[in-house]
Amino acid sequence: MEFFRIKKDIPFMRHALVFNVISLLTFLAAVFFLATKGLHLSVEFTGGTLIEVKYEQSADLEKIRGALGKNGFSDFSVQNFGSSQDVMIRLPLRDAQDSAKQGERVMAALAGEAPGAALQRVEYVGPQVGKELAENGAMALLVVIVGIMIYLASRFEWRFSVAAIIANLHDVIIILGFFAAFQWEFSLSVLAAVLAVLGYSVNESVVVFDRVRETFKKVRGLSTPEVLDHAITSTISRTIITHGSTQVMVLSMLIFGGETLYYFSLALTIGICFGIYSSVLVASPLVMWMGVSREQFIKAKKVAAEGVTDDGACV
Amino acid sequence: MNRYPLWKYVTVAIALVFGFIYTLPNFFGESPAVQVSSAKVTLKVDSTTQARVEDALRAAGIAHDGIQLDPVGVKARFKDTDTQLKAKDAIERAVNPDAADAQYVVALNLLSASPQWLTSLHALPMYLGLDLRGGVHFLLQVDMPGALTKRLDSIAADLRSLLRDKNIRHAGINRDGDRIVIKFRDAETRSAASRALGDNVADLALAEAGLGDDLRLIATLKPEAGKKIAEFAIKQNINTLHNRINELGVAEPVIQQQGADRIVVQLPGVQDTAKAKDILGRTATLEIRMVDDSPGALEAGLAGNPPFGTEVYTERGGSPLLVKKQVVLTGDRLTDAQPGFDGQTHEPAVHLTLDSAGARIFKDVTRDNVGKRMAILLIERGKGEVVTAPVIRTEIGGGRVQISGRMTTSEANDVALLLRAGSLAAPMDIVEERTIGPSLGAENIERGFKSTMWGFLAIAVFMIAYYQMVGLISVIALASNLLLLVALLSLLQATLTLPGIAAIALTLGMAIDANVLINERIREELRAGMPPQAALSEGYERAFGTILDSNITTLIAGLALLIFGSGPVRGFAVVHCLGILTSIFSAVVVSRAMINLVYGRQKKLTKIAIGTVWKDGITTVDGQK
């Protein structure tokens, strides 16, 4: 079996502008949703209480709401998730004194009005902890970005690092944009997925750029767009197969992983799809427009003699 | 060129055997068990305890699958959870005949069901996190200012007794915020007091203030003393939590300090979470204060303006009471508290034993206040309640005190438990809580397992169809990656959580990248007309740099998550980082060893089963021209 029987290099760079405009529009839409709707943050970040209960039969949400209302709860949300038997109840933060006891009070309230609920999970996060988790999350994102920038800068010349970082950061914004647009819950595990996928898709740019560098050195007489086309074409088979395999795994989590892994794998799915697109079709044109040319690599060769990796293995 | 020296094959073989052995316990799983450990430091669990457990089970007619004795305690295995629960009750009755005064902690536990030889190699199943086995996780924040205030209150009481011992007359000692103000009528007394305090109390910095007949000595805590108090408060609270959790009967509780002022408590397998939270969350401390019974004072207090230095409390049973703010004694002076019955009235009561300093103070106070009332307050979560307010009939020496009045037997038990378990040095608040029901835990394991299995199968089918023999080798390498990762996690006894399982799945999905890189490169070399042996060798050589690159970028993200992540993210990050390391090894070394074994020996290799290698115009099958 061989999926990719490509006779000639595909002229990706001819459509460079189109790719970038598509990407820019998606990016702007993401920013728009982030600005207008904002992220639907989970209790881990906002603080509050989350209670999951399971009923033997389909749960009567109205009854549950009534039970909570009667017992003096306010601003709560009651939703089904997964199945009609599973109910998720969210309560906002209240004064620190009684928050920790909210789980028990909810169960007591349910026992009276909507009996038969089995407590599956309670999660309570106090305001201080929520704030810290959010701060640490932001810090982790920052460290990943800086770390990858340093790595790319040491590995390639600046045009490549800048292009790769732009392409991959805009992926992060797009994932967040999806979460804002559909008001999916943004939790700590989604953040983990975003960071994992950031590390993963930067590597895609690395593979293509490795090939670009190799082609510049080996083949004479090609124009810059032709070199880029060749590099992308010759790595495309690996790109599709690799990401396809990862996506199969993620899909399996999406299907079998249940509610807890649902948004995690959703973030990965978006990240993987946009990761391929942007690190190949957005990053490469950016490099081209920043004026990459053969001469830069001939010079680079001298540096290489002093010990810098230059043959950058690739597919 | 595609041959490994023997030592490389041996290394790979050893790694795989190691992976197999340490992964094995996870297949045996865990069997339900009951664990009996000592509730007291003085009481050792030994073979007699083991014999008692055996007898108890025999008497109750419960079959067990083996009883063992280890440093933690006696552990008995059972075939299912029903038997386990029955056995727990039987053992509980046998070793703790007096439920009020439990000598042993009898707890439900899970034991590795793997054979003895595996256990002796320290090959244990992965440690499952709370989201997989069910249980409670709390993050408690210790209220440090509260600890300091409490300590200052008790220092103020010490100063009072010190000055009285030295016959230095003062005009009042009060805590004002974070300092203690001592008033004097003349300067001589003040300097005498200053000397006395300087000699006896090292933790305080003293300063003089005031003029005329309003002379004051202001004592503040030295910074290092403050730091010591904070450290002590955390330690004391952890100890207290240990004691309380022992009373709950939890097999493997985790109680750890986190950061400067937080404590993590994890109680795996706890079913009755409400009870656990109740016991933990109750920051009960005992205070003994005097009651102000002066005429009219209570009425004024009820009207909203209690006399200076007093406050209104409600006695158990409902009647209000005016209590002085000055604390005579705190729970710190308590060495023991036992539930029991009043000798005369046969009412449920709690018997307290005080330490020597406490006993002396108590004796002084009761001597000076015969005929007056004394209030015993239980302070829980900032709210005080007067348990009882008896009239002092005579001087009470010896440090033995009894609290009785309007308590039920179970209340007496609870109060005794709370007091005995030690008072908390500082109040604590639950700032984070996760409770996971046991059924959800089991469901989570199944979900994680299914996701990984189906994902793996799909990838395996595709790889073998697309790359044939080389694809099969890639799949074996991927399987060995899984084996090594699980073995490593089991060996390190890292906590596996659902995000951890997700990380295993994701790592496998990403790890196949390395093999795809290699296989594509081999095909490309074949396409370029290289002989098969050279193509194999070249494929591995050239792909290695890229594999390293791709793993470094992922590792950067993994490490950042490990450093800044908390809770579920940490579980993800640990597995993710370990997975990256094992995947480099298995994708490069293990798969190369397999390739070398399969193809390396054939000198005249004409084709590699790597699927169709397509060339422009001519299609070659299986690398054959």
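The backbone N, Cα and C atoms fix where each Cβ goes, and this holds for glycine too.
Per TrEMBL, these features apply:
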- B:1-108: domain 'SecD export protein N-terminal TM' (DOMAIN)
- B:311-426: domain 'SecDF P1 head subdomain' (DOMAIN)
- B:429-596: domain 'Protein export membrane protein SecD/SecF C-terminal' (DOMAIN)
- B:6-24: transmembrane segment (TRANSMEM)
- B:456-489: transmembrane segment (TRANSMEM)
- B:543-565: transmembrane segment (TRANSMEM)
- B:571-595: transmembrane segment (TRANSMEM)
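Non-local neighbours of the transmembrane segment (B:543-565) in the same chain are 510, 513-514, 517-518, 521, 572-574, 576-577, 580, 583-584, 587-588; each lies 6+ residues outside the stretch with a CB under 8 Å from one of its CB atoms. Away from its own ends, the transmembrane segment (B:6-24) comes close to residues 114, 118, 121, 123, 480, 483-484, 486-488, 490-491, 585, 589-590, 593, 597 of its chain (Cβ-Cβ under 8 Å, at least six residues beyond either end). Mapped onto DSSP helix, strand and coil, the domain 'SecD export protein N-terminal TM' (B:1-108) counts 54 helix, 23 strand, 31 coil. Across the domain 'SecDF P1 head subdomain' (B:311-426), DSSP assigns 28 helix, 51 strand, 37 coil.
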